[in-house]
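Q: Here it is, the structure in full.
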Amino acid sequence: MDKMPKWADVVLTPLISLVLAMAISALVILAIGESPWMALTTMVEGALGSSYGWGFTLYYTTNFIFTGLAVMVAYHASLFNIGGEGQAMMGGLGVALVCLALPWPHWGVALPAAMIGAALFGAAWALIPAWLQAKRGSHIVITTIMFNFIAAALLNYVLVNILRPVGSMDPASARFPEGTHLPKLAEIAAGFGIEWGKNTPVNITFLFAIVICFLVWVLIWRTRLGYEIRAFGKSEPGALYAGISPVRITVITMLISGALAGLMAINNVMGEAERLLLNSVEGAGFIGIAVALMGRNHPFGVFLAALLFGFLYQGGGELALWTTIPRELIIVIQALVILFTGALDNMVRIPLERMFMAMRSKGKP
Amino acid sequence: MAGAVDEQKGRSDAAAPAAIELRGISKSFGPVQANKNISLRVPKGTIHGIIGENGAGKSTLMSILYGFYKPDSGEIQVNGNTLTITDSQTAIRAGIGMVFQHFKLVQNFTVLENIILGAEDGPLLRTSLSKARGVLKQLAQEYQLNVDPDETIEELSVGHQQRVEILKALYRQADILILDEPTGVLTPAEADHLFRILEGLKAEGKTIILITHKLREIMEITDNVSVMRRGEMVASVKTAETSPEELAELMVGRKVLLNVDKAPANPGAPILEVRDLKLVDADGVERLRGISFDIRAGEILGVAGVSGNGQTQLLELLGGYPEKGSKISGSVRMNGETLDLTGTGSDAATRRARGIGHIPEDRQVEGLIMDFAAWENVAFGYHHAPEFNKGLLMDNAAILLDAEQKMERFDVRPRNPNLAARNFSGGNQQKIVVAREIERNPDLLLIGQPTRGVDIGAIEFIHKRIVELRDSGKAILLVSVELDEILSLSDRIAVMFDGRIMGERLPDSTTTGELGLLMAGIVDTENTPDSAGIPPDLKHVEELPQEPA
C-alpha cells in the first residue's frame, strides 16, 4: 500500500510546511521588533482584501502558473529544467517581435500570433540544452542555468542595439500598437456588469492559463506522449525496453517545457508592460521551480501553489509599502516558504509517513 | 549444516592461527538474506578460492571483511585477533587489501599518485612520492609487478591497472589480499601473468582470497576452495581433493525438480536464425563472441549459464535495446526476413511490430514502471496499439478493461488494476508482465529469468503458460540461471559462457554436472558448439549476405 493517504500527501504535507515557514517568519519579524500578526493582516488585506489586491495577486499567479507548468512537465520526464527564467525572457522577445511586426487590427488576431511567437522562442531556447542532454549527456541543470545568463545578455543586446526606439535612453522596446493590448480582467468583468479591480494588471491571460493547466493535464495523463514522458521519467531502461526513444522524449519534453515558460510573456510583456523591458521576468522562472514542487507536479497543484506565491508576492509588496518592515524581509519570508515547501519537503513528509504507517499497523491486529 | 563440515576440515589443516577466521557471519538487506551464518577459515600463506554464482553472497561477505558492511551477527578474526571492522581503514590496518572488480583508481593521476592516495606521509607530496618510488621499485622486482610509476592510469591497459591496484594494497602493507573476480576484465595472457604474480605473493607468505565463478581458475591456482550458494557456505574443501564436476554441482545446487506437464515438442519451421552474432560493449568488452543458433516454431530453446556471460546482452540485442555505444555484427533472421540490428529499425517498438515479445530479466527496472498502476503497465510497450487509443488520446477505459480481463485470466492478486505495480508481490508483478507479453501472441517470445523472486505457485502457473505458448506453435528463447527451470522447460539447451555458446544438449540426455562444467567454461570435444542440436536439414549456408551497417 501507499505510505499515506492521498490527502495527507497532497494537502497536509504542504500545509504543515507552510505553517512552519510562517512560524519562523513570525520569529524573524518579532526579532526585528515588529508584530507578526500585524504583518499577516497587512499581507492578507493587501493581497486578498480587495478586488484591487486580487488583481495583482492573480497577475503574479498567472506568471507562476506558466513557469510552474514548465518545470512540472519537464519533471515528469525526470528533467530538471531550471532555465524557465531564460526561456520566459526569450518568450518575451518572441512576443515583442510579433507585436511590433505588424499594425495589428485587433488583439484577437494578435494574441494567437503572439502566443506562437512566445512558445516558439521559449521552445527554441530550451532546444539546445535538450539536444545537448539527449545526444551528448551534458547535464540539463548546468546548461539551462547557463542559458539563463546567455538569454539575459542577448536580450540586453537586442534591446539596446535593435529594439530601442531612436532617441530613447531606456533599454526597452517601443510601445506595442493599440491593436495588441489585451483586455484586462476588470474590463471583461465590467462587460458582465461587475465592478472589479480597476487599474490592475491581471488580464485575459489568466483565463488562458487555466485552460492551459487543463491542457497540460490532458497531455500528461491522457495522451500517448504523456504516457511515454512519464514512463521515461520513471525508468529510462524501462523506456528503452518499451521502445520509447530517450532522445526523442528528452527533446520533445523540453520543447514543451520551454514553450510553456515562453508563454508567460503573454501575461507580463503583452498583457501588462505592453512593451519589452529588460528585466520583465523578475525571477518568475525560478519561482516556478518552487511552484511545481509544492504543487506536487500536478496542474491543479501548480495552480494552487501559483496562487499562494501570487499572494506572497502581492502581500509582500503591500508589507513593504505600509509597514516599516524592510523590503528585504519580504524576500526572507518568500525564501522560507520556498525552503520549507520545496527543499525541506522530506523533513515534514518522512515523519508524517512514519506516523501514518504506525497508525495503520496499530489499526491492524 | 555445512558449517560443521568446514570447521572439521579447517582444524585438521593447520596448527598456526588462520589469517582469516569468520564465525557465524550473517547479513540481511531488508528481506533478502545475503549471508547466512557463514564460517570460513583461511590458513596463512595459502590461496583460497571462493566460488559461487552471481548473487550467491561472495561479494557481500568480502565487503563485510573489508568494512563496507557491518554484519548483523558473527565474529571476525584476523591472525588470531578478534576484530570489529567498522570501516576500510580498520581493515587496511589489520593488513587486509582489496582489489575490486571495478578498479578504484583516479584516471588522470599517475601510478605513483594513485599509490600514495590516502596513504600520504605528510602534508608535502614530495616525501611520500619519493618513498613510494623506492618501495615500488622493490615490489616490482620481487613480484614481477612492473608498471611505469609516472604513467597516468588512463594510459594503462586493464591488466596494468589491476597491477596498480595490487601495488596499492601491498604499499599499504597488506598481507591478506582479496581479489574480486580479477580475471573478468583480463585477456588470457594477462590472467596467466596475474596468476604468476599471485604465486609469487604466496611464496612470500601472503594470504590470498580469490573470488570467482570460473572453475578453471580455482583448479589452477588455489589451495583450498569454499563454495557459496544462496547466501550460504555449502562446502569448504582442499582443491587437490575435489574435481571440477563436484564443484560445479555444489555451486549450482540440486533442488527438487519442478514438474512441468509437457508433451514432446513438435518443432516446425525456423522462426529465429541467429548467425555469428557479436557485441562489443561501450567499454570495449566483448560480450557476445559469435553466437549462432536457431529456434523453430513450437520449440523452447533454454539458455543456461552463470549470469554475466552475455545472456543479458543477447536478450537486449534481440529485444531491440542493446547498451548505448555497443558495436554489433552478425545477422539475425526472423521468419526468414533479416532483422535490422543497428539502424533505425532496431528499436524495441519495431521488434514488437515484427512479432517479438519480451519478458525482460528485470521486471522492476524494465518490464514494469513501478509507480504506474497495474492497468497502465498492461499497455506498456503496446501503448501505440490501435485498441488502446482513441484518436489523439489514449483509451484508458479500454486499457482498464483489458487489464481487468488479463488479471482475471492470469489470476493476479489482488485483482485491483488501480494499484501501483510496486504494491504487488514479485510473483504477481511477473504475472502482469507475462500476461501482457504472452497474450499479444508473439511469434517469438524472449524470456529472461521468468521466475526470479517468484513464489512456487506463480512459478508453476508461469511455466504452464510458457508451454502453452510453445504448443500453439511459437518460438521461445528462455534465459535462466536456474538450471532446474532450464531442464524442465527447454526442448533444447544451449550453455553460454564468456559470450560463447559452449555447447547444446538435450534435457533428457544431460546432467546438471555436465551443464555445470559447460557453464564454467570447460568444453568437451565431442560436441562442437554450432552444429549440435540443429538437425542437418535446417543448417544453412554459414555465409549469409552481409547487411550494410
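Each Cβ is built from the backbone N, Cα and C atoms, and glycine gets one as well.
Marked as transmembrane segment by TrEMBL: A:12-32, A:52-75, A:87-104, A:110-128, A:140-160, A:202-220, A:240-264, A:276-295, A:302-323, A:329-352.
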Q: State, in range form, which of A:87-104, A:202-220, A:276-295, A:329-352 has the highest count of Cβ pairs under 8 Å to the transmembrane segment (A:12-32).
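A: The listed stretch sharing the most Cβ pairs with the transmembrane segment (A:12-32) is A:329-352.
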Q: Taking 3+ C-beta pairs under 8 angstroms (sequence gap of 6 or more) as contact, is the transmembrane segment (A:52-75) in contact with the transmembrane segment (A:140-160)?
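A: As far as Cβ distances go (cut-off 8 Å, pairs 6 or more apart), the transmembrane segment (A:52-75) and the transmembrane segment (A:140-160) do not touch.
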Q: Is the count of Cβ pairs under 8 Å between the transmembrane segment (A:276-295) and the transmembrane segment (A:110-128), pairs 6 or more apart in sequence, 3 or more?
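A: These two segments do not touch.
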Q: Under 8 Å, at least three CB pairs between the transmembrane segment (A:140-160) and the transmembrane segment (A:110-128) (pairs 6 or more apart)?
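A: Between the transmembrane segment (A:140-160) and the transmembrane segment (A:110-128), contact is present.
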Q: Test of understanding: applying the rule of at least three C-beta pairs under 8 Å (pairs 6 or more apart in sequence), is the transmembrane segment (A:329-352) touching the transmembrane segment (A:87-104)?
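A: In this chain the transmembrane segment (A:87-104) does not contact the transmembrane segment (A:329-352) - fewer than 3 Cβ pairs sit under 8 Å.
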